[in-house]
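Heads up: the structure comes next, in structure tokens.
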Amino acid sequence: IPPLDRCHCNKIINVIHFTCGPGSGKGTQCEKVVAKYGFTHLSSGDLLRAEVSSGSERGKQLAAIMEKGELVPLDTVLDMIKEAMIAKADTSKGFLIDGYPREVRQGEEFEKKIGAPSLLLYIDAKAETMVKRLMKRGETSGRTDDNEETIKKRLDLYYKATEPVIAFYEGRGIVRKIDSEGSVDQVFSQVAKAIDSLK
Ligand SMILES: Nc1nc2c(ncn2[C@@H]2O[C@H](COP(=O)(O)OP(=O)(O)OP(=O)(O)O)[C@@H](O)[C@H]2O)c(=O)[nH]1
Ligand SMILES: Nc1ccn([C@@H]2O[C@H](COP(=O)(O)OP(=O)(O)O)[C@@H](O)[C@H]2O)c(=O)n1
Ligand SMILES: [Mg+2]
């Protein structure tokens, strides 16, 4: 992949990271953000699942890691995000990057290779809520990681690796914390307020 040149960087406005626990409702909220603001939604999990579906050798390796609820190698996810951003850089109004960064190092590398985010949205959900939603989703999602054992591992990893990401960006004053316990629309009104504060 070519490096993002200056021209591209200038066009990459409004990089919003959506970093929350598994099952906190990122995917659901991102759809609503796209409908209202027209941002480009990039879900790191979806990009990885697309690679798995392609049946490639790399996809097979990724599937094994994701089934265990572990993190795939940092460069793999970042390259996929960057590739997708370059493809849209000329026309996008902004990027909503869902499920990334998952660990502080992913955030640091993103800034080195792409740029600094303008906002980090964080949906604060209780572990109990996340587990309940994922178990329910697992009845129909077909996701191999929506099972009790892997959900537990994803949650453990979230508390260990991802929560520190929030503290890292809090130091920069770009974190907006959102309470997940209401309805989808109640959560969205908080999300929209945070995005509107960017203008
Ligand atoms: N009650 C309630 N349920 C929600 C809300 N948002 C999402 N859900 C449900 O919770 C489940 C998980 O939501 P997703 O949007 O798929 O969660 P996610 O954060 O993208 O999860 P991962 O893909 O595992 O990262 C879905 O089955 C939703 O229907 C909400 O605000 N309130
Ligand atoms: N930045 C990322 C995003 C996802 N992943 C992997 O992809 C899986 C699914 O990610 P996801 O964002 O769709 O789902 P949740 O784990 O948040 O429920 C994770 O459990 C990780 O194995 C990763 O390694 N690094
Ligand atoms: Mg999701």
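Glycine too: its Cβ is placed from the backbone N, Cα and C atoms.
Because TrEMBL annotations are produced automatically, they should be read as predictions rather than curated entries.
Record features (TrEMBL):
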BINDING   GLY23, SER24, GLY25, LYS26, GLY27, THR28, ARG137, GLY182  ATP binding site
REGION    43-72  region 'NMPbind'
BINDING   SER44, ARG49, GLU70, LEU71, VAL72, GLY99, TYR100, PRO101, ARG102, GLN106, ARG143, ARG154  AMP binding site
REGION    136-146  region 'LID'
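Features per TrEMBL, on structure.
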{"residue": "GLY23", "record": "ATP binding site", "DSSP (3 states)": "coil"}
{"residue": "SER44", "record": "AMP binding site", "DSSP (3 states)": "helix"}
{"residue": "GLU70", "record": "AMP binding site", "DSSP (3 states)": "coil"}
{"residue": "ARG102", "record": "AMP binding site", "DSSP (3 states)": "coil"}
{"residue": "ARG143", "record": "AMP binding site", "DSSP (3 states)": "coil"}
With every protein chain in view, how many other Cβ atoms are within 10 Å of the Cβ of GLY25 (ATP binding site)?
-> 21
Helix, strand or coil at GLY182 (ATP binding site), per DSSP?
-> coil
Spatial neighbours of the region 'NMPbind' (43-72) far in sequence, C-beta under 8 Å, 6+ residues away = 26-27, 30, 80-81, 84, 97-100, 102-103, 144-145, 150-154, 157, 161
Mean pLDDT for the region 'LID' (136-146), as a whole number?
-> 97
Please compare the binding-site residues GLY23, GLY27, GLY182 by how many other CB atoms fall within 10 Å of each one's CB, and tell me which has the fewest.
-> GLY182
Nearest-integer angstrom distance between the alpha carbons (Cα) of GLU70 (AMP binding site) and GLY23 (ATP binding site) | 16
Same-chain residues at least 6 apart in sequence with Cβ under 8 Å of the Cβ of ARG137 (ATP binding site), in sequence order, are GLY23, ARG143, ASP146
Under a three-state reduction of DSSP output, how is THR28 (ATP binding site) classified: helix, strand, or coil?
-> helix
Around ligand 3, within a Cβ distance of under 6 Å, which of the binding-site residues LYS26, GLY27, SER44, GLU70, GLY182 show up?
-> LYS26, GLY27
Taking ligand 2 as the reference, state which of the binding-site residues GLY27, VAL72, ARG102 have a Cβ closer than 6 Å to one of its atoms.
-> VAL72, ARG102
